[in-house]
Amino acid sequence: MNQCAMAVLEEYPDIVFSYGYGDEYSFVLKKTSKFYQRRSSKISSVIVSFFTSVYVTKWKEFFPLKELRYPPSFLSQIVCCASLEILQAYLAWRQRDCHVQNQYNTCFWELVKKGGKTEMEAQEILKYAKEQDRNELLHQQFGINYNDTLALFRQGTCIFKTEVEDIVKYNEDGTPVKRLRRKAGIFRSENIAGRRFWNAHASLLKELGNFSEDCFKTNPDYIRSFLFESKLMPSTWIVIRIDGCHFHRFADVHEFNKPNDKQALDLMNLCAVAVLEEFHDIVFCYGVSDEYSFVLKKDSQLYQRRASKIVSAIVSFFSSMYVMKWKDVFWKKELKYPPSFDGRAVCYPSNEILQDYLAWRQVDCHINNQYNTCFWSLVKSGKSKSEAQNYLKGTQACEKNELLLKEFGINYNTLPLMFRQGSSIFRVKRENPTLLENDASSVEKIETKIVTEHCNIIEQSFWEAHPSILN
Ligand code: GTP
Ligand code: MG
């Protein structure tokens, strides 16, 4: 977790402080940040996506003998702190939670592992135990002084950048040439919201300001009041669209075929199938290039329709899957760096408008693909990129098809359907439902299967042929 947070800090310069423990991390962006024009959905989805990607990428480094059994995913949300005092209270609240949880868990596992109690018994013993009681229990029964246990678990971890001196080279006389560089480092303190810790770090004072008073007691309800989450309009189709971040670079670094890389698209499709399997409320997925749209049914109550939870869950799961499945698709290509995706949620009130949305994405797929096919054919034939661009300026669809046919012998309509129409993924009813025996007591009937098709979804006939998708 800490290494992933460190990578996040290195990746996004606007993050000036982070604090984490257990399975959570908070990242603080500076007040003046213009990151993604402060669009909350983009900011939170990109960070959670990158974090997840790094987590999966780094797994082997930390658990060389353990297989990652399924894709981990994280939820994210934005909290705006109107003043430094509120940020201070927020941090105090998170660190208090870290302490309370860790103290409880330390007692619980001592009771189970050394005290011979069952998990139920341990739970019962700790039910009404106060903070002081727990410390005494640890001390008297197990000889543990809680304050001597690992600070990593007790206090959590802060990560922020400080200026360090780097030796960049040596002069001829052997004297080192030093330069100041901002580098992320790990810091711990009993009280991260205290003046002593905070005001002692020049970089925190510079980026965020100083704490004028200590924060003694926080009221969690007060802090939670800043955690409001917007909910998506009821009884509307929810579309979550994710899109690869800077995929022009990602595609170049990984030498994707131009303009379309079948393996890259296969990987996107594999991940989308996994998303459909994981989130039962998703009824339809449509993907093209580095983007995927996931349609959730109108009456979905997933995360009580909280936008940030739904977006982050899907984008994080997708990113996780992308890294995990990379080797299945690109067995000879190494993943050079962790990819990330942004995500957003849009509600569509009627079937017609939802279909218009999907048609818009498919039209986009066609226009881009036709343009890119021409563009790269021209470039491959010796034109420079700007010549190719000028050549295609203002050309109509039929002219582009003619160019492809006459100059390059390519009949556009015979190019792979996946490139021309994108990929649609949905469930269809099985003609012969199969019985799946999980264990002796439960026999599950599998009535649907997931299919990936490359078909025209603009025409009404597709929806008429698959009435169960939208009904
Ligand atoms: P942002 O989404 O704004 O972060 O930038 P982006 O670089 O991801 O651009 P955008 O999403 O608009 O477009 C996707 C880009 O991904 C394309 O312009 C291509 O550069 C690249 N890409 C997607 N699919 C393929 C592919 O199959 N082959 C190649 N070579 N590139 C692809
Ligand atoms: Mg993109």
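Any Cβ shown, glycine's included, is placed from N, Cα and C.
Given the structure is predicted, the values throughout are model-derived calculations rather than measurements.
Database features, via TrEMBL:
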- 1-81: domain 'tRNAHis guanylyltransferase catalytic' (DOMAIN)
- 86-169: domain 'Thg1 C-terminal' (DOMAIN)
- 221-349: domain 'tRNAHis guanylyltransferase catalytic' (DOMAIN)
- 353-459: domain 'Thg1 C-terminal' (DOMAIN)
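Here the domain 'Thg1 C-terminal' (353-459) is broken down by DSSP into helix, strand and coil counts: 56 helix, 26 strand, 25 coil. Per-residue pLDDT, averaged along the domain 'Thg1 C-terminal' (353-459), amounts to 91 for this model. Here the domain 'tRNAHis guanylyltransferase catalytic' (1-81) is broken down by DSSP into helix, strand and coil counts: 37 helix, 13 strand, 31 coil.
Residue counts for the domain 'tRNAHis guanylyltransferase catalytic' (221-349) under DSSP, helix first, then strand, then coil, are 55 helix, 31 strand, 43 coil.
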